[in-house]
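Asks: Below you'll find the structure I mean.
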Amino acid sequence: MARGIHRLLMHHILMVGGWLTLTGFLVRRPPVWLWALRTVPMLFHLLTALGAVNLLVHLPSKVRVVYGLAVYGFFVQTAVALVVLLFGRSELDTLERQLEGLEKMATCNSPVLHRKILTRIALFVTLAAISCGLWISFPLVVGEFRHGNYHIQVELPLALQTQTGYWYCLAFQVVTVVLGTILALTFDCCFFTWLNTVAFHLCTIRNMVQALNSSQGLTDTPKVKVNSSPLMTIAAKTTSWSLNSVLDEKEESPNQELQDLQDNNRREKQANLDQLFVGNASIELEKAVETCDSTETLRLIDGYYSQIASLANSINRLCGLPVLITHAATMTVVLFGVYASILLASEPSKPGRGTQITGFAVFIFIFVLRIIFVSFDGGEITEHWEELSASLAAMEWLHLPPEAKQRRKALLQKTAQPLCISAAGVFNINKINVLNIFSFVLTYLVVMVQ
């Protein structure tokens, strides 16, 4: 995965997650037998929903309602992810084509960025495994194999209230938990990959504008020419745009002062290696920057930004509702999970009380961690967009050719509209959402306790 890591990751995640959930997300025209397999996860989620409705019809106790609300948010989220990934095949194809098109403009070739992406996905897998283990081990922790001690709160018909029926129901819920966990993991990994793609290309295009600004400032120097290697690999060991100015080929000895400045710049960039991106520009873009052709460079930047904006719009269309449900499920799980832990703490005679409270705490932590990742990744996109807008506004435009001035004006108009990922248009994904969730949970938790 040295090149095109985002598109390859999307393909592999959907392939593995699709076959583990019997859905085959990547199959464009599924045969009849695959459609039959796809009904399995949908049927399991449907029966889980019917169990929740049956529980409410029979007027359960307050404790069972709280436990149910603490866990059903997860299954609502996974059901929405299943529907979106199953019936959003055309949008998934569009996203894959857009990723391929963006890779032709700039390709990620940074080992640091590769490690960051793969480490995050490995963390998602670890959290999913822990969550799945907590769900399945709940009846074992309680230690009483009888009806009512499930990891999903349900009200069973009389025909199933037998010892054999208990094990059938327990097996059904284990399969439901495993399918739901894989669906949530598939969506989380794909969503992170798409957000990281937008952030990477925004960072790349921002550095292109900064490089153009630098080149414009050096064009009047008579004996110095600007030489840039492909986008953001101007020095293969650095991680940010810098124009390596060298003496004209006719000059015999280098300018020592300029060389020292370059060396210092390279060392500073290397020190910040873990925080920056590296990219590889298209051949056209490389030639435009090398020749300091501001008009052609801005034309390519304009088209590049349009592709990034199209990718962000596709992500919003496909992921808006699942992301909204993810935030709602997080608030529900945290609020009622904390309240359920308080109820457990007030019953010292309940078997496995301490272990169950610990399980709730870990489950809540996993949900909070997921929403923090989503919020910070969305916030990173907003930050890169703001930096790009500032770089365009700071461009030395007075000395640009007339056509380049028009291109810059058009880019300023495009970037005037915020580029962000939203939750079905209700709110934008940003870091402030984490504080909003905690404020909501704390407020209503106090009300519930009172």
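Yeah, the Cβs are placed from backbone N, Cα and C, and that goes for glycine too.
Annotation source TrEMBL lists transmembrane segment at 9-27, 33-57, 69-88, 121-145, 166-187, 324-345, 357-376, 432-449.
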Asks: With Cβ-Cβ distances below 8 Å as the criterion, list the same-chain residues six or more beyond the ends of the transmembrane segment (357-376) that contact it, or say none.
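Replies: For the transmembrane segment (357-376), the sequence-distant neighbours (Cβ-Cβ under 8 Å, at least 6 residues beyond its ends) are 70, 120, 127, 130-131, 134, 137-138, 141, 188, 191-192, 195, 323, 326-327, 329-330, 333-334, 337-338, 340-341, 344-345, 429-434, 437.
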Asks: Any chance you could find the range in 69-88, 324-345, 432-449 with the most Cβ pairs under 8 Å to the transmembrane segment (166-187)?
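Replies: Checked against 69-88, 324-345, 432-449; highest Cβ contact count belongs to 69-88.
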Asks: Counting Cβ pairs under 8 Å to the transmembrane segment (69-88), which of 9-27, 33-57, 324-345, 432-449 comes out on top?
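Replies: When the Cβ pairs under 8 Å are tallied, 324-345 comes out ahead.
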